[in-house]
């Protein structure tokens, strides 16, 4: 069964896991140097997913944000676009690097965070 999902994030320069936690109202645990948000599944490619029923929210980890630095461009999929598990569905470009955003699950995009473009350098 395909799941619908959306990309969540309000500012790539901030602590995304903590911001996601406050937005989703879920507890955050601190482990050494990284924030670990309860109920999020983390991928080796530095994306995370929070599944709730037939919907999921996808974002990138604090480590990925720190590695990228100042973000200058974000490419996100259109609402309604189908997404395959493991495939790239967007990209983040910064002054340091460019990185694809990979989908941890298959589904269809139902919402994106338009505020991401407002927070670019």
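Note: Cβ is positioned from N, Cα and C throughout, glycine not excepted.
All TrEMBL annotations are machine predictions without curation.
Note that the coordinates shown come from a computational prediction; the quantities given were computed from them, not determined experimentally.
The domain 'Lipoyl-binding' feature in TrEMBL is assigned to 55-121. Note: the domain 'Lipoyl-binding' (55-121) comprises 11 helix, 31 strand, 25 coil (DSSP; helix = H, G, I, strand = E, B).
Residues or ranges marked as N6-lipoyllysine by TrEMBL: 96. Of all Cβ atoms in the shown protein chains, 12 besides its own fall within 10 Å of the Cβ of residue 96 (N6-lipoyllysine).
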